[in-house]
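Below you'll find the structure, written out as structure tokens, and then a few comments.
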Amino acid sequence: MGCSFPLDYVHCPQVHTARCAYINTCFPCILKPSLTHRKTREKKSERSSNRMASSPSFLLLAALLALVSWQAVASDPGPLQDFCVADMNSPVRVNGFVCKNPVEVNADDFFKAAALDKPRVTNKVGSNVTLINVMQIAGLNTLGVSIARIDYAPLGQNPPHTHPRATEILTVLEGTLYVGFVTSNQPAPNRNKFLSKVLNKGDVFVFPVGLIHFQFNPNPHKPAVGIAALSSQNPGAITIANAVFGSDPQISDDVLAKAFQVEIDWLQAQFWENNHN
């Protein structure tokens with residue numbers, strides 16, 4: 001007859017056993033570890049943790065987790081309430097804008113008579129971008145969206161540029177556009193892959209965030225019009241030629257000549273038009 005629950009633990013003469021409550025018999029049992037054994041295991045566990053923390057795989061995992069965490073907060077700040085109308089007069093500087101007192105918010109904070117249905121005068125490169133972002137509509141703060149009308153003269157273009165904080169989706173309202181973007185640096189054979197398309201009225205095309213892209217009106221006689229939505233309250237724009245050859249102060253001739261392998265003086269002497277209003 002056995003015992004299912006040892007109520008009294010004792011040290012039997014020859015083996016570590018426990019005496020059962022209802023029979024006077026010793027049988028093998030598992031004794032609680034001594035303090036010395038516990039400390040030994042804790043030291044081994046600590047050494048194991050230290051080895052894991054110093055191993056390359058652990059460090060790589062930590063770096064990946066840090067990268068993922070950074071990406072999670074890299075886009076526009078998300079709203080934690082119905083809206084956060086930008087207070088343009090606040091002296092406080094944050095990523096975006098401080099919220100206006102909700103009691104003082106009114107419909108005009110979400111409105112602008114932008115006349116986006118009216119054509120714009122184009123410039124030297126043959127385009128004009130009318131951007132409506134948080135600077136024009138304070139209610140866009142934290143909402144992660146903006147809009148732009150783009151006018152193209154015959155043979156006009158919106159030259160190669162990037163939006164560092166936004167993906168762009170473009171639709172053609174009038175005319176025809178030749179559009180495209182270039183991927184980031186890739187290993188051979190793809191390298192910087194160029195993706196392009198001819199768009200007609202009603203067509204839609206997407207430019208991924210941060211990639212160099214352009215639009216060109218191939219018609220020598222008729223203008224074109226597009227409307228673009230962008231996934232940021234303040235998408236930003238970097239026109240490649242303007243940034244590289246028209247920076248203030250100018251980038252060193254030696255740097256540019258080495259990078260582009262051309263004579264730089266003439267390029268820097270040009271007037272680099274800004275078509276973003």
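If you go along the chain as it appears here, the first residue is 1 and each next one adds 1.
Glycine is no exception: its Cβ is also placed from the backbone N, Cα and C atoms.
These come from TrEMBL:
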BINDING   Asn158, His163, Glu168  oxalate binding site
BINDING   His161, His163, Glu168, His213  Mn(2+) binding site
DISULFID  Cys84-Cys99  disulfide bond
DOMAIN    111-268  domain 'Cupin type-1'
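Listed in sequence order, Gly96, Phe97, Cys99, Lys100, Asn141, Thr142 are the same-chain residues at least 6 apart in sequence whose CB falls under 8 Å from the CB of Cys84 (disulfide bond). Around Glu168 (oxalate binding site), taking its Cβ as the centre, 22 other Cβ atoms fall within 10 Å, counting all chains.
With respect to their backbone Cα atoms, His213 (Mn(2+) binding site) and Glu168 (oxalate binding site) stand 10 Å from each other. Glu168 (oxalate binding site) and His161 (Mn(2+) binding site) have their C-alpha atoms 12 Å apart, to the nearest angstrom. For the recorded Mn(2+) site, residues His161, His163, Glu168, His213 set the reference point as the centre of their Cβ atoms, and the other residues of that chain within 8 Å of it by Cβ are Thr162, Ala166, Phe181, Phe207, Leu211, Ile212, Pro235, Ala237.
The Cβ of His163 (oxalate binding site) lies under 8 Å from the Cβ of Phe207, Val209, Gly210, Leu230, Ser232, Pro235, Gly236, Ala237, Ile238, each of these being in the same chain and 6 or more residues away along the sequence.
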